[in-house]
């Protein structure tokens, strides 16, 4: 019932709050600001709860692998609290809220989907994903991390370690113990190895239900403006065709302003398909870490978005903070921090010199956009490398334990 009310009020709030002239003598922006502040606070709470679930699951899996001493020696931090603070106190989050951008609403929908998938709340995960995809096209790729969340559970070490551990148990136990362990479905090793197709099918069913419900609401709302076809043309079509070349923090506006019209369709396909090319390899390599995979997808989509905003960066920077323990050995952390600070300071300066004062040109502002894109690339590459190195370290420790047990 709560979800139905939220779904019904979402269009009402987004349409009326941003167009209202005055409510009881208060300026129109106060209602918008209140809505966005609430969205950011709820998003931070969702990040915190998701981080606590990921942390608890990670500790349980380390205990199942007899690697809890490794976590104690490394000094695990409360990732959920850190991620919530990073999201709330991020200047990008504050600026997006002050600027009355709809990014906080979109971020809330994405985090709602990830939270529901992490907690195993299938209807909530489906609702969040459908709402996020309804507001923007790019969250559609998050269906893969959500399915992995529901199928395998939260992030954990590679499945190979659990298989080795289960073989070791079978080899060192009696036949009766083996039978008992086989029947014990609550064993975290067994739960991690098996894939739950039941939850995935439930998610697809709820996705279909929520999708039909949203389409019916949209059909009623936009019927007098041309129907659903016109809505898709002005939303998804606008994103895919990149007709508005107004300067933003992305790189597509400058590229398509310079490219010949003859090659425009070709490069549109190249830029959009480039995201799809990365989905499958990353999903295969990081299928045991759906939460981290969601961060990678969010960062990549932020790089290749037609019309990105700093709210996108606020989201993936908050999500990556959920993995502060695994990414403790990541390289170039200080360089990335200084780079984001520098781009945040230089970008509005260059925009002012070019657009308002007329003392610069497009290259001034585009240079900061290129630097911003390069920083995102470095962040994705180094974070993925650090996560793989962390898994490699766990694999070495497990292999050493197995060798000691055999000897």
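Each Cβ is built from the backbone N, Cα and C atoms, and glycine gets one as well.
The transmembrane segment annotation in TrEMBL covers 82-102 (among others).
Tertiary proximity for the transmembrane segment (108-130) is limited to same-chain residues at least six positions away from its ends with a CB under 8 Å from its CB atoms, namely 3, 7, 39-40, 42-43, 46-47, 49-50, 53-54, 139, 142-143, 145-146, 149-150, 154, 199, 202-203, 206-207, 209-211, 214, 290-291, 294, 298, 315, 319. According to TrEMBL, the feature transmembrane segment maps to 108-130 (among others).
As annotated by TrEMBL, transmembrane segment applies to 137-154 (among others).
Among the features that TrEMBL reports, transmembrane segment is placed at 203-222 (among others). Below 8 angstroms of C-beta separation, residues 7-8, 11, 15, 117, 122-123, 125-127, 129-131, 134, 146-147, 150, 228, 230-231 of the same chain, each at least six residues beyond the ends of the transmembrane segment (203-222), sit close to that stretch.
The transmembrane segment annotation in TrEMBL covers 234-256 (among others).
Residues 138, 141, 144, 148, 240-242, 252, 255-256, 293, 296-297, 300-301, 304, 384 of the same chain lie 6+ residues outside the transmembrane segment (262-284) yet bring a C-beta within less than 8 angstroms of a C-beta in it. Summarising the annotation, TrEMBL assigns transmembrane segment to 262-284 (among others).
Annotation comment: TrEMBL describes 291-307 (among others) as transmembrane segment.
Annotated transmembrane segment per TrEMBL: 335-356 (among others), in sequence order.
According to TrEMBL, the transmembrane segment annotation covers 362-388 (among others). Here the transmembrane segment (362-388) has long-range neighbours at 247-251, 254, 257, 282, 285-286, 289, 292, 295-296, 299-300, 302-303, 313, 320, 323, 326-327, 329-332, 335-336, 339-340, 342-343, 346-347, 350-351, 353-355, meaning same-chain residues at least 6 beyond its ends whose C-beta is under 8 angstroms from one of its own.
Tertiary neighbourhood of the transmembrane segment (82-102): same-chain residues 14, 18, 29, 32-33, 36-37, 40-41, 43-45, 47-48, 51, 135, 309-311, 313-315, 317-319, 321-322, 324, 344, selected by CB-CB distance under 8 Å and a gap of 6+ residues from either end.
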